Amino acid sequence: QFTDVKCTVTKQCWPVCKKMFGRPNGKCMNGKCRCYS
């Protein structure tokens, strides 16, 4: 799942993915967080 959350490093996305989708799996791609379910 793509989000509109800006990021510079992957670890910034883990709490975002955890909060939005219930799992912390994800990474920073093209300056935005992308989450995996």
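Every residue gets a Cβ built from N, Cα and C, even glycine.
The disulfide bond feature in Swiss-Prot is assigned to Cys7-Cys28 (among others); the stated evidence is similarity to another entry. Counting every protein chain shown, 19 other Cβ atoms lie within 10 Å of the Cβ of Cys7 (disulfide bond).
The annotation disulfide bond is assigned in Swiss-Prot to Cys13-Cys33 (among others) on the grounds of similarity to another entry. According to its DSSP assignment, Cys33 (disulfide bond) is in a strand. If you take the C-beta of Cys33 (disulfide bond) and look for same-chain residues 6 or more apart in sequence within under 8 angstroms, you find Thr3, Val5, Lys6, Cys7, Gln12, Cys13, Val16, Cys17, Gly26, Lys27.
For Cys17-Cys35 (among others), the entry in Swiss-Prot reads disulfide bond, with the evidence type similarity to another entry. The number of other Cβ atoms within 10 Å of the Cβ belonging to Cys17 (disulfide bond), over all protein chains shown, comes to 22. In this structure, Cys17 (disulfide bond) is part of a helix by DSSP.
Counting every protein chain shown, the number of other Cβ atoms lying within 10 Å of the Cβ of Gln1 (pyrrolidone carboxylic acid) is 11. What Swiss-Prot lists as pyrrolidone carboxylic acid is Gln1, and the listing cites experimental evidence.
According to Swiss-Prot, the feature site 'Basic residue of the functional dyad' maps to Lys27, an assignment based on similarity to another entry. Classification of Lys27 (site 'Basic residue of the functional dyad') by DSSP places it within a strand. For Lys27 (site 'Basic residue of the functional dyad'), the count of additional Cβ atoms within 10 Å of its Cβ stands at 16 [all protein chains shown].
Residues annotated as site 'Aromatic residue of the functional dyad' in Swiss-Prot, with similarity to another entry given as evidence: Tyr36. Over all protein chains present, the Cβ of Tyr36 (site 'Aromatic residue of the functional dyad') has 11 other Cβ atoms lying within 10 Å.
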At a 10 Å cut-off from the C-beta of Cys35 (disulfide bond), count the other C-beta atoms across all protein chains.
22
Within 10 Å, the Cβ with the most other Cβ atoms among the disulfide-bonded residues Cys13, Cys28 is that of Cys13
Compare the C-alpha of Cys28 (disulfide bond) with the C-alpha of each of the recorded positions Gln1, Cys35, Tyr36, and give the closest one.
Cys35
What does DSSP say about Cys7 (disulfide bond): helix, strand or coil?
coil
Translate the DSSP assignment of Gln1 (pyrrolidone carboxylic acid) into the three-state scheme.
coil
